[in-house]
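The structure under discussion appears below in the form of structure tokens.
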Amino acid sequence: MKHVLRSRQHRGAHRLQGEHTRQPPADCTRDADAACVRGRCMAALGNSAEAYVALMAALAAEPGHAGALLELGSLYRVSGLLPEAAAVLRGVAAAQPGDAPTQHALAVVLTDLGTQMKLAGRVAEGVAHYEEAVVACPSYAPAFYNIGVVHSEARDFANAKTFYERAIEASPSYAEAHCNLGVIHRDAGRLEAAVACYEAALAAAPSFAIVQQNLSIALTELGTRAKLAGERERSVALYERALALAPRYPDALYNLGVACSEAGQAERALHLYELAVHFQPACAEAWNNLGVLQRSAGNLERAVACYRTALQLRPSFPQAVNNVAVVLTAQGRVSEALALLQAALTAAPDYAEAHNNLGVLQRDVGAIKEAIASYERCLELAPESRNAGQNRLLALNYIMPGEDAAVCAAHTQWGEAFQRMHPPMQALVAEEVDADPARPLVVGYVSPDLFTHSVSYFAEAPLALHNSTRVRHIVYSCVPMADAKTARLRAAVAAAGGAWHEVGALPEAELAARVRADRCDVLVELTGHTAGNRLGVLAMRPAPVQVTWIGYPNSTGLGAVGYRLTDAAADPPDTAQTYAEELVRLPGCFLCYTPAADVPPVAPLPALEHGFVTFGSFNALAKVTPEVLRLWARILAAVPDARLLLKNKPFACESARAHFLAALAAEGVAPARVDVLPLTAGTAEHLALYAALDVSLDPFPYAGTTTTCESLFMGVPVVTLAGACHAHNVGVSLLEAVGLQRGWVAASHDEYVALAVAAAHDA
């Protein structure tokens, strides 16, 4: 914030000094009044020398001529002869006490003399002159103002405030005093008062650039305060006001970008961050946030470039290091990502989110126990971390049977804690419920996965095939990045008479209110504890009936969710797995798979062409536990000429490939018999790879779902292992649905191996 210091540069002093010894001409008029008038006119014309001569003539004619003395004092002042001006005017004031023009003129000179001394380093003398000016003319505002400036510079803000207020009392339109008073209020955290002062200054001086800048700063800080208080709309309005005053102010651009990003206005936020880094290229935070938006838009290389720019500006910026690692993890560049996360945690060991992201990386490479430890470390540092808490629950399903008491308890404990943070809305009263039995049932679906994502292949059929005479369905889409699949689903919903709302930018409380306003009878969530879920909405209970389905193989843990859709194969009636929800076992399979639009033709059996059998799995590496590897090694040992083909994101990284092959080698499988591939560019290319497989091997205890359906659809049978919990049994449900339960569903590890070997010999 900038203070304003009033000071003047004086010109022409030497010229007038040269006239001190000049005598009035002999024929000069002896009429003092006329000479005084002549002097005043010459001064107005800028002819200081002639003005001086005339005034001296007036004083020669009448030594105490008050008008001439007053004009002489003024002439000395504008000529820079401030001590002389003060001496003359003091005399006039003493001779004419109470004369307002004289008091004012003396106060002006004393104030200017005080400023001159202050600028010369003689502060105490300067203050003495200001104080003398105040005594001479108590209504002269600049004297109070300049005393305030001295106190401000001495950091005596209490006294400075008093004198600025006295200056404003004397001159309500004194812009500089309003400005400096605003600075004091702003520095003390009184932002509303500061804004009021700056606005008063601008009202007095609309083009006052320093005030415009200071008001922009205060409005930006006030906007941030409003944002932290949850007043999002007010914060945006304040940032926009700040930018109207100072369109190039980087902090306002950055903070408005943050607000827009949090509101889901990614395009506007991107533009604002770009402007922020244009006007302040050294703003590491803006570069980092620009990278976050580029990543969300799928521009991974641009995101990395932004993060690296942030790191050039601030090498120990842990958030940027973490964010680069997140992108590299998504690209399967796990070695680089691991090094960066370790660097972030070295720089900031208590950076909770980096521990969470380290867990995600460890999960992706199949190091589930290590991932759980990282999530738990994050939770130690940030007990309310939703990401870490839910990632931990998901990870437990990879290595522990869902019926395990510890797994069940973990879900229950999380749900109880989460429910406390999201109290339910007020229950509907009878008058708010439409009890007409003839009306269509209103069913809402909420999901972030309605794009090319596993869940979308199972959501498409129900969304497209509702009977619109019986059901009016509403989709609440929280998709972070819509694609062609999103458009396809949206068109299918519209064709079925449903409604589609993009609600990704809505906070959960606002989304819950939207669901309540839409009068949903049933709300179905499709995500569970996976990324982007809106379980907070269901915790608030906006709909009388709430259901979980498809996206997660275990309980939400929430008492607010009444039902979970499943079937008798996935969740046998005698299951020991416990749920917060009541299980609704659908007849047949609880899933309905809709294949992708661009499906390649089913290929001939590859074993007939190659002369050997190829086993494979395209499941996430997190599901391929050490126990799974041991069984796969037994299968390959029993079929010596068989090969194993695996495809997974981390296999883009040489170290991940080497680590995985070493784990198989430890089980007796030669690396030469194993092909490991990274992810493919598109769905069609991915599905085409099934042409290389003769038999798919399902992992456990977390079986495949989409991969099993894809494999079957592409003509490749799947060997799966039955268990006692939902995650273990999804493959059983799918195989039963297509009539392949005999010969492909194993009841034990030994039978799993035997069925795979039998399939190889049959090929």
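Every residue, even glycine, has its Cβ placed from backbone N, Cα and C.
According to TrEMBL, the region 'Disordered' annotation covers 1-29.
The compositional bias 'Basic residues' annotation in TrEMBL covers 1-14.
Residues annotated as compositional bias 'Basic and acidic residues' in TrEMBL: 16-29.
Per TrEMBL, repeat 'TPR' is recorded for 141-174 (among others). Long-range contacts of the repeat 'TPR' (141-174) within its own chain (CB-CB distance under 8 A, at least 6 residues past either end) are made by residues 3, 5-6, 107-108, 110-111, 114-115, 118, 123, 126-127, 130-131, 133-134, 180-181, 183-184, 187-188, 203-204.
Per TrEMBL, repeat 'TPR' is recorded for 175-208 (among others). Residues 1-4, 6, 141, 144-145, 148-149, 152, 157, 160-161, 164-165, 167-168, 214-215, 217-219, 221-222, 225 of the same chain sit 6 or more residues outside the repeat 'TPR' (175-208) yet have a Cβ under 8 Å from a Cβ within it.
Annotated repeat 'TPR' per TrEMBL: 216-249 (among others), in sequence order. For the repeat 'TPR' (216-249), the model's average pLDDT works out to 95.
Look at the repeat 'TPR' (250-283): DSSP puts its residues at 27 helix, 0 strand, 7 coil. Feature annotation from TrEMBL assigns repeat 'TPR' to 250-283 (among others).
Residues or ranges marked as repeat 'TPR' by TrEMBL: 284-317 (among others).
Residue counts for the repeat 'TPR' (352-385) under DSSP, split into helix (H, G, I), strand (E, B) and coil, are 27 helix, 0 strand, 7 coil. Per TrEMBL, the feature repeat 'TPR' maps to 352-385 (among others).
Marked as domain 'O-GlcNAc transferase C-terminal' by TrEMBL: 439-591 (among others).
Taken from TrEMBL, the feature domain 'O-GlcNAc transferase C-terminal' applies to 612-761 (among others).
Long-range Cβ contacts of the repeat 'TPR' (216-249) within its own chain (Cβ-Cβ under 8 Å, at least 6 residues beyond either end) map to 1, 182, 186, 191-192, 194-195, 198, 255-256, 258-260, 262-263, 275, 279.
Long-range contacts of the repeat 'TPR' (250-283) within the same chain, counting only residues at least 6 positions beyond its ends with a Cβ under 8 Å from a Cβ of the stretch, are 216-217, 219-220, 223-224, 227, 232, 235-236, 239-240, 242-243, 289-290, 292-294, 296-297, 313, 504-506.
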